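Taking it in order: structure first as structure tokens, then the write-up.
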Amino acid sequence: MLTPIREVIKIFILTGAGISAESGLGTFRDKDGLWSRFDPMKLATPEAFAHNPDEVHAFYNMRRQNLLSAEPNAAHRALARLESGLAERGGSLFLCTQNIDDLHERAGSQRVFHMHGELLKARCTACGETMPWQEDLSVEAPCPSCRRSGGLRPHVVWFGEMPLEIDGIYDALLEADLFVAIGTSGSVYPAAGFVSEARGHGIRTCEINLEPSDNARQFDDRRYGPASEAVPAWVEQVLS
Ligand code: NAD
Ligand code: APR
């Protein structure tokens, strides 16, 4: 018997590229997805950046420009409403995203954990400083902090690198009453393993996606449809 949704007060949500698809930002593994047009091993690994920084910068400069002309959609706005609605009743939302866009923040979400980094930030490989960055990045750009050139990279987690804040993310996951995955194919770890971690700790699980993900069978509850429709409908039910 599933806990009535009304008793759920601590929710952990994992979002993926699918929640930003209707804002015009491509996903990775759908038809015409980013990885069907670009080779991630040539653009999203530390080795690629070491061997060809100009090509990697150009790839993320293109994605940064696309992001700056994109807008949050109804799914992002619904999660911002969920965050404030849960807080009003003494509950909490832990919003963990695999996305490197800032659409959750622009929709009004106050606490967002970007486990794969943020496209609108740069990081200096010389001094380690991370800073907001909206312009094109290049090898020549000097670090505003240490002034050295040639060291700035996108503040994005690449294949082969550790995701950010992962210990705090696991702590929050295991304290939740409900784990919800939205718009993710469930094909990249460690995010793809969150649902089995939750199940192993007796936490209810729900998938909201355009179509069944690789992990669909592990979810107690599954809702399918475009995020801009399915997420607001689910949030209204939780808050009603
Ligand atoms: P991983 O094993 O978690 O993921 C590998 C995934 O990369 C595979 O599941 C596959 O879907 C994809 N992949 C690899 N080669 C591909 C190809 N040629 N075409 C299409 N897809 C391909 O990788 P990892 O090294 O453990 O990643 C560490 C962390 O970095 C993970 O959290 C990962 O999600 C993250 N990451 C972030 C970005 C980004 O752009 N933000 C890109 C890659 C990885
Ligand atoms: N509404 C809801 N879900 C959607 C929509 C939509 N409008 N459009 C697509 N989807 C779903 C797809 O069905 C798919 O299951 O979103 C999911 C997108 O999956 P991926 O393209 O694999 O994106 P994601 O799961 O976020 O990738 C995980 O892989 O390359 C790395 O670091 C990168 O963060 C990324 C990680």
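Any Cβ shown, glycine's included, is placed from N, Cα and C.
Note: TrEMBL annotation is automatic and uncurated.
For the domain 'Deacetylase sirtuin-type' (1-240), the model's pLDDT averages out at 94. For 1-240, the entry in TrEMBL reads domain 'Deacetylase sirtuin-type'.
Positions annotated as NAD(+) binding site by TrEMBL: 16-35, 98-101, 183-185, ALA227. Applying an 8 A CB threshold to same-chain residues 6+ apart, the list for PHE28 (NAD(+) binding site) reads ALA17, LEU34, TRP35, PRO40, SER185.
Annotation note: ARG63 (substrate binding site) sits in a helical segment as assigned by DSSP. According to TrEMBL, the substrate binding site annotation covers TYR60, ARG63.
Around HIS116 (active site, proton acceptor), the same-chain residues at least 6 positions away in sequence with a Cβ under 8 Å from its Cβ are THR97, GLN98, ASN99, ILE100, VAL156, VAL157, PRO163, LEU164. What TrEMBL lists as active site, proton acceptor is HIS116.
The Zn(2+) binding site annotation in TrEMBL covers CYS124, CYS127, CYS143, CYS146. Annotation for CYS127 (Zn(2+) binding site): same-chain Cβ neighbours under 8 Å, separated by at least 6 residues, are CYS143, SER145, CYS146, ARG148, GLY151.
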* Checking the recorded positions GLY16, PHE28, TYR60, HIS116, GLY183: which ones have Cβ within under 6 Å of ligand 2? -> GLY16, PHE28, HIS116, GLY183
* **Residues satisfying Cβ distance under 8 Å from TYR60 (substrate binding site), sequence separation of at least 6** => LEU119, LEU137, PRO154, VAL156
* Asked: So of CYS124, CYS143, CYS146, which of the binding-site residues has the fewest other Cβ atoms within 10 Å around its own Cβ?
  -> CYS146
